[in-house]
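Reading through the structure tokens given below for one structure.
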Amino acid sequence: MRMMKRPNILLTGTPGVGKTTLGKELAQRTGLSYVNVGELAQEGQLFDGFDEEYQCPILDEDRVVDELDDKMKEGGVIVDYHGCDFFPERWFHIVFVLRTDNSHLYSRLESRGYTGKKLQDNVQCEIFQTIYEEAMEAYKEEIVHQLPSNEPEDLERNLEQIVQWTEQWMKDNN
Ligand code: DAT
């Protein structure tokens with residue numbers, strides 16, 4: 001029996017924009033599986049060195065790609081990560097870059113315990129739309145979409161839109 005084809009979705013954006021919240025709920029509603037790349041790396045110790053400036057381990061991007069490739073080839077995966085340029089372009093059928101206004105992002109990161117340079121750098125990353133530009137360079141522009149992620153109503157609207165897109169993709173590809 002042939003398996004139903006299902007899309008792979010990338011959720012990216014600055015830390016704190018709401019990728020995990022959206023991704024987990026989206027997985028519930030669509031039945032797709034959810035992969036948090038940060039957690040995957042932590043579990044498998046997929047690191048290569050230590051960043052002294054930010055006091056955090058450095059992701060081993062090649063090992064992350066190797067680890068996920070079979071699963072991605074099967075399809076039906078929602079990937080959540082605050083970077084996007086090291087994944088193979090062929091993995092994703094659509095890319096969402098979540099965007100949050102400074103004031104909202106600042107208070108979210110503060111309540112996560114971020115302070116000083118780490119807090120400032122992350123807010124600046126959002127102001128400079130670093131991840132959006134990274135996504136526009138790494139993927140075809142027509143599959144990259146920005147989603148506002150400021151209020152709970154944004155979350156609900158984003159969920160509804162992506163669920164609808166997923167259902168349409170499955171109709172078109174099966
Ligand atoms: P990320 O995975 O991008 O780091 P998260 O999902 O952990 O972000 O969310 C960070 C915080 O913001 C968390 O407390 C939940 C909250 N949040 C997420 N999406 C939101 C939204 N649309 N409106 C209000 N708060 C939101």
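We count from 1, first residue shown onward.
Note: Cβ is positioned from N, Cα and C throughout, glycine not excepted.
From the candidate list R90, R112, the residue TrEMBL records in the ATP site shared with G16, G18, K19, T20, T21 is R112.
Residue ranges 111-121, 144-154 are listed, and TrEMBL annotates 111-121 among them as region 'LID'.
In the three-state DSSP scheme, K19 (ATP binding site) is classed as helix. There are 23 other Cβ atoms within 10 Å of the Cβ belonging to G18 (ATP binding site).
Each residue in P15, V17, L22, R108 lies on the same chain as G16, G18, K19, T20, T21, R112 and has a C-beta within 8 Å of the C-beta centroid of that ATP site, without being one of the site residues.
Among the residues the record lists as binding ATP, namely G16, G18, K19, T20, T21, R112, the two farthest apart have Cα atoms separated by 15 Å.
Checking the binding-site residues G16, G18, T20, R112 against ligand 1 with a 6 Å cutoff on the Cβ atom leaves G16, G18, T20, in sequence order. T21 (ATP binding site) is surrounded by 17 other CB atoms, counting those within 10 A of its CB over all protein chains shown.
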